[in-house]
Amino acid sequence: MKKFFIIGTNTEVGKTYISTKLIEVCEHQNIKSLCLKPVASGQSQFSELCEDVESILNAYKHKFTAAEINLISFNQAVAPHIIAAKTKVDISIENLKQFIEDKYNQDLDILFIEGAGGLLTPYSDHTTQLDLIKALQIPVLLVSAIKVGCINHTLLTINELNRHNIKLAGWIANCNDSNIKYIDEQINTIEELSGYKCSAKISRNADYLDFIDLSKILI
């Protein structure tokens, strides 16, 4: 079983969009996948579920339950450690790790774990998402929304991954804003300064077919 932890350079960079398209291409190719969203925030306007959890379940056509893919949910779209403190919820690294590792014995080809926001998103006053990734020791798939500031955010994230000896399986350029100029130049700069080639350049309104080459790299 291949395992990948999907993080963004920031929040709202398209992690869940990328996750759902990877799910769709796996389903299309009869690749047995499971995408977890261990920590989620921001309730959907259409149900009691968090929006990201609902999107993942929809991509699977509800063959999984919310409890199978999500451990901790908050209705408010607020940084996890803040809303956890307000609601007296303990976001335990050990509990999250156990929730994820419990899936390792399932008959899967690939396991995706979609994180909450960026690499250093706090889970508490003394832990961050990085601590969970280090505990799991699995490669990271990084999503960067190409726009002003993305070069700095992407390089900082890659540098931090390297500093902690966490493998970067690849990075995806999410080019979802057609108004952004010099997209290729920004991608080229990230490639040159980081030493990592872009694994996939995803344009606005892409469908799962645009992810087939990426799925081949991952699997």
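Glycine residues also receive a Cβ, built from the backbone N, Cα and C atoms like all the rest.
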Considering the ATP binding residues Glu12, Val13, Gly14, Lys15, Thr16, Tyr17, Glu114, Gly115, Ala116, Gly117, Asn174, Cys175 given in Swiss-Prot, which of Asp52, Asp213 is annotated for that site as well?
Asp52
Just how many other Cβ atoms lie inside 10 Å of the Cβ on Gly115 (ATP binding site)?
23
Among Glu12, Val13, Gly14, Lys15, Thr16, Tyr17, Asp52, Glu114, Gly115, Ala116, Gly117, Asn174, Cys175, recorded ATP binders, what is the largest CA to CA distance in Å?
20
